[in-house]
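Notes follow the structure.
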Amino acid sequence: MFSYRHAFHAGNHADVLKHSILVQILDYFNQKDTPYWVIDTHAGAGIYDLTDEWATKNAEFADGLDRVLAAEKRPPMIERYLEAVGDFNPDGVANYYPGSPWLAMQALRQKDRLRLFELHPNEIAILQENLAQQDRSVQKKVMVYEQDGFTGLKALLPPPTRRAVTIIDPSYEAKSDYRATLQCVQDALRRFPTGCYAVWYPLVQRREVTELQRSLEKLKDCSWVNATLSVRKPPSDGFGLFGSGMFIINPPYTLHDALARALPWLSKTLALDDRATFTLKKSGASKDKPKDKDD
């Protein structure tokens, strides 16, 4: 249960997709003066040192963040994402990678709030240590819960502000995470149907992935955008991550068009072979076919 450590994967292709979308959502929420909450059901350590042995062991950021930094003609969505990451690296060298909590913390205004769930004993210890290094004014906006985010989320919805972005991104190491994610989303929509929910999921060769996608796309009485990015063909042995997806419920109206510009570029930039693809779907539209990087 506690084997997953995100530091191994910080800044990889999945993080690029997830966090570029998150930055877009937060920017949109900041266009209105009304306060909002950000809730992360699986917060991790919050920010990651890319020079640390945990990160350099597999150096997954080399095929994610580093490729994006080195590429040219970046779409606006990607430029904005790199600007957000760059704020944590003022010397211009990408030594630190902000996870969702730190990107959210960066975006928060005076009356906005951040709520973080983390159950992994090592991760939450690092999360709390990292938070303790922030200014007191920042700490006052944040609460950390050593609790399962799937169940803990229920008590926070609806938030007092009636505006919130909820990030649901378990590790999916356990098969039960797929069912738990769907149930979490369904329950959250009953409690707070107008909230924005950003659900991350892996692309691996498991039927649970397809079942989760189909179930989410059948949700009623809400708008959604579903984006996937595959950087290589599925492994022949049936194991291993070959891409990831983000399913956003009640997304900003600007998000689909931003992704339509960013995904083809990401597919080319992060491709590890000639089978790199992306898909982009939205509620109320015909299903898009997978696109390969040369389309």
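Positions of Cβ are set from backbone N, Cα and C atoms, glycine also.
TrEMBL labels come from automatic prediction, so no person has curated them.
Site annotation (TrEMBL, ligand S-adenosyl-L-methionine) includes His19, His42, Ser100, Asp148, Gly149, Asp169; from Glu60, Glu118, Glu129, the additional listed residue is Glu118. Summary: among the binding-site residues (Glu118, Asp148), the fewest other C-beta atoms within 10 A of the C-beta are counted at Asp148. Note on proximity: among His19, His42, Ser100, Asp148, Gly149, the binding-site residues of the record, the Cα nearest Asp169 (active site, proton acceptor) is that of His42. Taking all protein chains in view, 25 other C-beta atoms sit within 10 angstroms of the C-beta of Asp169 (active site, proton acceptor). Look at His19 (S-adenosyl-L-methionine binding site): DSSP puts it in a helix.
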